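The structure appears below as structure tokens.
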Amino acid sequence: MSEDKITGTLAFTVFTAVLGSFQFGYDIGVINAPQEVIISHYRHVLGVPLDDRRATINYDINGTDTPLIVTPAHTTPDAWEEETEGSAHIVTMLWSLSVSSFAVGGMVASFFGGWLGDKLGRIKAMLAANSLSLTGALLMGCSKFGPAHALIIAGRSVSGLYCGLISGLVPMYIGEIAPTTLRGALGTLHQLALVTGILISQIAGLSFILGNQDYWHILLGLSAVPALLQCLLLLFCPESPRYLYLNLEEEVRAKKSLKRLRGTEDITKDINEMRKEKEEASTEQKVSVIQLFTDPNYRQPIVVALMLHLAQQFSGINGIFYYSTSIFQTAGISQPVYATIGVGAINMIFTAVSVLLVEKAGRRTLFLAGMIGMFFCAVFMSLGLVLLDKFTWMSYVSMTAIFLFVSFFEIGPGPIPWFMVAEFFSQGPRPTALALAAFSNWVCNFIIALCFQYIADFLGPYVFFLFAGVVLVFTLFTFFKVPETKGKSFDEIAAEFRKKSGSAPPRKATVQMEFLGSSETV
């Protein structure tokens with residue numbers, strides 16, 4: 001049908017929207033490659049004991065750099081050793097905060113993406129969000145010329161606020177402007193742009209490009225470029241016709257927007273679909289967070305939804321994304337940053353592969369397959385690190401295990417939770433459930449970002465045995481508690497949840513979605 005095609009305006013609009021997703025991915029990955037350079041700068045600015053030459057070796061001090069190095073003139077060897085240890089702990093803490101502050105911002109903002117989109121409209125909300133992206137980029141871009149640790153932590157926090165908003169706004173906008181039969185395919189471009197941003201940040205972070213003493217601050221501030229480009233292009237994008245029709249009740253503007261997006265005057269199907277959606281939505285009330293846990297019809301679905309997101313984050317995947325360079329270094333790889341880029345490339349490739357598999361294999365099946373694969377990869381990852389001193393070839397075992405770990409993650413546990421949470425709930429409770437799921441996802445992201453380095457320091461090469469145990473627990477939970485949602489109506493899914501929880505059917509049925517497929521998770 002004419003309306004179910006990708007027009008020039010639709011392609012332009014989707015490209016513009018996913019520039020926000022690209023920034024999201026760039027901000028996730030950018031902190032990884034220049035880790036050693038930034039840590040050296042932290043030590044240089046904060047002051048390090050003179051016998052710890054690792055912090056200042058080959059560091060080119062220019063007129064703007066004022067070293068605050070403490071001299072050991074009147075200290076005993078024991079006191080000096082304590083001071084050195086204390087300095088190392090402070091630097092480790094500041095680096096962990098530099099990584100995890102991004103998740104704090106995302107955690108705070110994740111609840112407000114939908115609210116901002118309803119308040120300002122989808123286009124204006126994305127424009128407003130970009131002010132946060134530009135502010136964060138400016139703070140980080142200037143970090144070399146001030147208190148670097150404070151500016152980077154502040155900049156990462158503000159960028160996290162932006163990403164928390166955009167993680168809700170972009171999928172929502174794309175889902176609302178896409179034709180029904182293309183909604184799933186276009187919706188996955190959010191995730192694809194995100195992992196592309198991660199890969200580009202890793203390439204730009206190579207030492208001979210921007211990940212060096214001279215340009216690392218430019219690398220951190222470079223997200224301003226797609227932010228400015230998106231601000232410019234958004235001025236030429238049509239507002240969401242669903243927002244105009246369902247929220248503002250402006251049918252004339254909604255029709256005008258639809259005609260631009262569809263490239264045709266015949267928009268009857270879309271208007272009728274929105275009219276039906278409006279009638280159905282009016283019969284079903286919204287649900288609060290408390291009701292999700294107190295109402296027996298929602299309690300088990302929300303618990304399962306949250307557990308899926310916990311499984312995604314506590315699998316250890318973000319430990320790899322945030323700290324992959326140091327992990328490869330520990331594994332004995334001579335050029336760890338190139339291996340990290342390999343992880344980013346595999347991440348992008350298998351995100352695309354998952355799109356082709358999800359409707360054929362089913363959500364639960366792919367999630368289980370991914371978790372089982374990640375369990376074995378985590379075991380071999382740790383075995384490779386533990387036995388590295390005895391067998392140098394074990395470094396290749398660890399590296400291969402990391403690549404496969406990321407592949408299995410993107411096949412199932414990466415994208416699947418977002419599909420399934422949307423399918424567990426009908427129109428009334430769905431916005432609240434998705435907001436709560438996003439919040440829990442960011443909270444777990446923050447915990448891993450903050451704690452992984454400490455856990456890795458404590459457990460050493462055994463760290464991924466811990467994550468293997470966690471993955472095994474979530475795999476068993478998925479096997480016994482998570483239903484398959486592919487091809488099932490909401491009534492069928494709700495009935496299965498009621499059977500598992502032993503609750504009675506609801507006294508009064510509400511209007512539900514007739515069929516739940518991947519193209520309908522908006």
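Heads up, residue numbers simply count up from 1 along the chain you see.
From the backbone N, Cα and C atoms, a Cβ is placed for every residue, glycine too.
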D-glucose binding, same site as GLN312, GLN313, ASN318, ASN347, GLU410, TRP418 - Swiss-Prot member from GLN23, GLN35, GLN191: GLN191
Same-side membrane placement of ARG156 and PRO429 in Swiss-Prot: no
Seg_contact(the transmembrane segment (366-386), the transmembrane segment (216-236)) with at least 3 CB pairs under 8 angstroms, min sep 6: no
Positions on the same chain near the transmembrane segment (402-422), where near means CB under 8 A and six or more residues out: 171, 188, 191, 195, 305, 308-309, 311-312, 315-317, 320, 324, 327-328, 339, 342-343, 346-347, 350-351, 353-354, 357-358, 363, 366-374, 377-378, 381, 430, 433-434, 437, 441, 482, 485, 518, 520-522
Contact between the transmembrane segment (126-146) and the transmembrane segment (432-452) (3 or more Cβ pairs under 8 Å, separation 6+): no
Beyond the flanks of the topological domain 'Extracellular' (147-156) by 6 or more, those residues with Cβ under 8 Å of it: 27, 31, 38, 41-42, 45-46, 94, 97-99, 101-102, 105, 135-140, 220
Remote residues contacting the transmembrane segment (432-452) - C-beta distance under 8 A, at least 6 residues beyond either end: 96-97, 99-100, 102-104, 106-107, 110-111, 113-114, 164, 167-168, 286-289, 292, 298, 301-302, 305-306, 309-310, 312-314, 316, 318-319, 322-323, 417-418, 421-422, 424-425
